[in-house]
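Read through the structure below, which is laid out as structure tokens, and then see the notes.
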Amino acid sequence: MENNNESKKVIFSGIQPSGNPTIGNYLGALRNWVKLQDEFDCYFCIVDLHAITVKQVPKELREKTLEMLAIYLAAGIDPEKNTIFIQSHVPAHSEAAWLLTCNSYMGELSRMTQYKDKSKKYGDNDSIGAGLFVYPVLMAADILLYNTDLVPVGQDQKQHLELARDLANRFNNAYSPTFKVPEPYIQKAGAKIMSLQDPTKKMSKSDENANAYILIMDPPEVIRKKVSRAVTDSLGVVNYSDEQPGVKNLLNILIAIKGSTPEELVEYYKGKGYAELKKDVADSIIGELEPIQTKVKELLKDKAYLESIYKKGAEKAHYISMKTLRKMQKKIGFIPR
Ligand code: AMP
Ligand code: TRP
């Protein structure tokens, strides 16, 4: 069979199986991955080691991990073309993360905005999990183990990517060239979907207010309700402007799904109100998600099929990642077994 993977650039990305994935995850990450699978050698990981940086219920974590795999597949990620795997199945990730942790600084990690945001929730240092602090080092390990060229993520992960680049360069300089220095790959449309209740905040699956997000698995009537309740403004005119962040966010969802430009949409909604815009947004989200939801439900009935995919993915990922891990160990001065 044709195998020109050697010459293809490598893509790595992942989503945490914590909580329920939102259209932010879909439009900011997953949907873009699907477009990359022909051109690149792609590794798509379900990052369960990252998920346990906050408390998880074991049974739910198992369910969410399989559901995330089903969502990857239903969204159109082809297991024949890509390596799809579960992070905890590939021990090199945890090991490489430790080696990189010993080359990381407290200062750079404490400057990560995601850490600052998440740790705020837990109050004083005595109750902030250390996993939350070293989280971006594990992410760097994920990426660097596969000699990744490009990392397709939403805007919120850019800072973590910069850290991964710093850690790669630092290791390369301290020992000798080992890692490729990865680049972020952030698609403009969908890069930052905002909360429907507070459009100055990112849409997040961990928001306490369920009206703030739309889940990939939300039924159509729930999607309609949430979109119709989305916070807008009292101007009543559809503009694509930072002065109207709620309307802009709705337009961004349409732009990401339909591929239209802001100008086309503003022209189209001239003289029309928010109710019409909201109806179109809800219709387009439902149109996009319904086939995926049906497929996810079907896939979840076939656990043996899902297992065959994550097992095959783990084998390939294990093989590639061990090569890099051994290189790291050797350069650091560990005696090979
Ligand atoms: P997470 O849910 O934190 O594991 O994120 C998985 C992927 O979804 C990452 O690439 C994020 O950048 C992306 N993502 C998460 N929330 C959003 C959002 N509101 N808008 C765009 N991308 C997002
Ligand atoms: N930190 C990412 C997020 O929360 C998830 C992630 C973990 C990731 N490892 C990765 C994304 C490697 C890209 C590459 O969104």
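In case you wondered, yes, glycine gets a Cβ from its N, Cα and C as well.
Annotations in TrEMBL come from automatic prediction, not curation.
So that you can see what the record holds, here are the features copied from TrEMBL:
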BINDING   Q16, P17, S18, G24, N25, G154, Q155, D156, I193, K202, M203, S204, K205, S206  ATP binding site
MOTIF     17-25  motif ''HIGH' region'
BINDING   D142  L-tryptophan binding site
MOTIF     202-206  motif ''KMSKS' region'
* Which of these binding-site residues (I193, M203, K205) have a C-beta closer than 6 Å to some atom of ligand 2? -> none
* Using a 10 Å cut-off, grab the number of neighbouring Cβ atoms around the Cβ of S18 (ATP binding site), all chains included. => 22
* To do: Could you list the residues of the same chain, at least six apart in sequence, whose Cβ is under 8 A from the Cβ of I193 (ATP binding site)?
  => T22, I23, G24, L27, G28, G154, K202, M203, N249, N252, I253, A256
* Cβ-Cβ neighbours of N25 (ATP binding site) (radius 10 Å) -> 25
* Asked: Between the binding-site residues Q155, M203, K205, whose Cβ has more other Cβ atoms within 10 Å than any of the rest?
  -> M203
* Asked: By CA distance, which of the binding-site residues (Q16, S18, N25) lies nearest to the residue listed as 'L-tryptophan binding site'?
  -> Q16
* Asked: Among all the protein chains here, how many other CB atoms are within 10 A of the CB of Q16 (ATP binding site)?
  -> 23
* Asked: Which state, by DSSP, holds the residue listed as 'L-tryptophan binding site': helix, strand or coil?
  -> helix
* Structure fact -> Mean pLDDT across the motif ''KMSKS' region' (202-206) comes out at 91
* **Helix, strand or coil at N25 (ATP binding site) [DSSP, three-state]** => helix
* Asked: If you measure every Cα to Cα distance among Q16, P17, S18, G24, N25, G154, Q155, D156, I193, K202, M203, S204, K205, S206, the residues said to bind ATP, what is the biggest one in Å?
  -> 19
* Structure fact -> Residue counts for the motif ''KMSKS' region' (202-206) under DSSP, helix then strand then coil, are 0 helix, 1 strand, 4 coil
